[in-house]
Amino acid sequence: MDSASLEPSLYTVKAIFILDNDGNRLLSKYYDPGLYPSIKEQKNFEKNVFNKTHKADNEIAFLEGMTIVYKGSIDLFLYVVGSAQENELMLMSVLNCLFDSLSHILRKNVERVCLLDNMEGVYLVVDEIVDGGVILESDPQQVLKKVNYRADENPLSEQSVAQVLQSAKEQIKWSILK
């Protein structure tokens with residue numbers, strides 16, 4: 001191993017993805033552009049990860065030089081991927097935050113149909129937890145507070161442009177006042 005790979009880094013998360021119980025991609029975010037540059041390579045990696053983990057009772061796997069923590073829920077599998085030397089507890093804190101945040105916005109129904117119906121909220125949660133591979137937040141309450149997402153509100157697609165702009169202005173105003 002070269003010494004550069006052992007240097008501490010803020011870039012701890014290589015990827016986050018959610019697969020259904022057949023191994024099909026529902027959401028994926030890859031933060032290391034050199035890891036799997038094409039969608040075909042990403043899907044192949046996800047398929048290998050799914051095949052190794054979907055029947056296992058563990059919470060951690062090592063595959064292709066990556067540390068992978070995962071959690072299953074009804075018909076979903078949530079994965080957080082880091083490098084081989086990454087701290088598993090850090091990755092697990094990201095995974096737990098993701099699961100707990102999703103559980104809240106999906107009203108404890110962390111399953112495929114609910115996830116697909118609330119995809120904009122799911123992406124907001126993922127983006128609040130990790131940005132560019134850097135862990136921003138690991139407390140689900142703080143994520144939900146920042147996202148300010150309510151599943152019973154109108155989704156963005158059903159709001160007028162004026163409503164979306166007004167909501168954005170209010171969020172900016174409140175973030176400046178804090």
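Here the Cβ of each residue, glycine as well, is placed from N, Cα and C on the backbone.
Whatever TrEMBL says is automated annotation, not expert-curated.
Annotated features in TrEMBL:
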DOMAIN    12-150  domain 'AP complex mu/sigma subunit'
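Confidence in the domain 'AP complex mu/sigma subunit' (12-150), given as mean pLDDT, stands at 90. With helix defined as DSSP H, G or I and strand as E or B, the domain 'AP complex mu/sigma subunit' (12-150) counts 58 helix, 36 strand, 45 coil.
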